[in-house]
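The ATP binding site annotation in Swiss-Prot covers G191, G307, V329, D413, R428, K519 and is backed by experimental evidence. Annotated substrate binding site per Swiss-Prot: H234, N235, S240, K519, in sequence order.
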Amino acid sequence: MLKGFTPWPDELAETYRKNGCWAGETFGDLLRDRAAKYGDRIAITCGNTHWSYRELDTRADRLAAGFQKLGIQQMDRVVVQLPNIKEFFEVIFALFRLGALPVFALPSHRSSEITYFCEFAEAAAYIIPDAYSGFDYRSLARQVQSKLPTLKNIIVAGEAEEFLPLEDLHAEPVKLPEVKSSDVAFLQLSGGSTGLSKLIPRTHDDYIYSLKRSVEVCWLDHSTVYLAALPMAHNYPLSSPGVLGVLYAGGRVVLSPSPSPDDAFPLIEREKVTITALVPPLAMVWMDAASSRRDDLSSLQVLQVGGAKFSAEAARRVKAVFGCTLQQVFGMAEGLVNYTRLDDPEEIIVNTQGKPMSPYDEMRVWDDHDRDVKPGETGHLLTRGPYTIRGYYKAEEHNAASFTEDGFYRTGDIVRLTRDGYIVVEGRAKDQINRGGEKVAAEEVENHLLAHPAVHDAAMVSMPDQFLGERSCVFIIPRDEAPKAAELKAFLRERGLAAYKIPDRVEFVESFPQTGVGKVSKKALREAISEKLLAGFKK
């Protein structure tokens, strides 16, 4: 068992097995089975390249042998930072087959985050593309390696320069160690409201069950053609039902280099895409673009929208613009996933964020004193179930705060439940900014800013934004003369912070409002910036 992993209690695990939730299958088994069943059927389309299920299975075998030859062993962690390219699949399935654990980093992460992931996970390797969207990841790898000289294996998909070329690692398949379905399969990143992301351990058992239920709820089968427009390292496009759900169902995954309509719309037309997933800001962009373009999007049957709350007004436009069914998705990398059902009435689809996908999902809604609220009232969402984790990786202190004694996960979401068990998301309890689906931890950015010599104190809050839902505003108490906002943003970039974490607005103040117990009142700061924005709008 992976050290630092919190397993389900034996009694509950046995219940999930008896109920058929956990079928004893690994991801290696899953791909082998689909290769036998679907053979030459296309699994992955990337540009003009097509990989069949059989070819993907063979490549995973050969790459797993190469990883083992390199010295990567069962339970080793490997930071994988790959965009939407075909190599993503051979890499993760090779690691699954070997029993090594991918740690999924986002393409937008930079040296601060990647160095932390590699160090905290004690990574045996770091896998990157050569360059993507104008950014050279080999340069990033050099920065990371300069801070972590012990990181020896840097593997590159493409032109490797001084690093290891991914393609050269392919070797003759060998006998590999047995992987158990109860083993941790990979580590995902939490949204992170208390600084850098925590790592989320997902097992073969729990994650494959989540795929099975997603496939059933979303009506996927071998005729499904899914466009991966969002970065696949996110849990939502990975498994809700995402690319892995489509492979589970025997369908075809089409990779888009970006979610831009310029890239995505021609692919929908050419590949006859039937389903895709977006975050609300991108759904708005797509709807606006569709009115001025002539792409044939008639193959699209389902548009999923999740990652942040989608307004009812915008939700109502989807069917009129695209002629397809909207499916709202609300979930978390820690587990619980909710969907509106494809045959739900329109009022449920546009006004709720769905209901749990499994009959074994348990939910509680509590007030601030850990008491159940009355039906229909707003409160804190807690959950547990066969695919919701029991603890973060190597995070005892966080686990004590994030989980109840009986294993319910405190999601940090403020919700209310309808009579029919549908969830309406009202906001976040945690100090976290949801910038168009990308979660920004205020504390992480504040800590970086406090390293600037001209900054005495910093407090970052969300501010409303019509396009992204929320943007970030940081309030700064300067030491003497206030620095320029551009200087602070450049400072954060130099420290390797991802672009989406850079504050959208900087306000300089002499002091912060305080709560009754002497803490910074971020509620007052949010109100202050909202009022300022409103006043500016009225002018």
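Glycine is treated like the rest: Cβ placed from N, Cα and C.
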> Are there residues of the same chain, six or more positions away from V329 (ATP binding site), whose CB falls under 8 angstroms from its CB, and which are they?
Replying inline: Y236, S240, A277, Q304, V305, G306, G307, V337, N338, Y339, Q353, G354
> Among the binding-site residues H234, R428, K519, which residue has its Cβ surrounded by the fewest other Cβ atoms within 10 Å?
Replying inline: K519
> What does DSSP call N235 (substrate binding site) in the simple three-state scheme?
Replying inline: helix
> By a simple count, how many Cβ atoms lie within 10 Å of the Cβ of G307 (ATP binding site), its own Cβ left out?
Replying inline: 28
> Given D413 (ATP binding site) and N235 (substrate binding site), what distance in Å do their CA atoms have, once rounded to a whole number?
Replying inline: 17
>> Return only the integer: C-alpha distance in Å from K519 (ATP binding site) to H234 (substrate binding site).
In response: 34
> Among H234, N235, S240, K519, recorded substrate binders, what is the largest CA to CA distance in Å?
Replying inline: 39
>> Around the C-beta of N235 (substrate binding site), how many further C-beta atoms are within 10 angstroms, looking at every protein chain?
In response: 25
>> In the three-state scheme derived from DSSP, which category covers R428 (ATP binding site)?
In response: strand
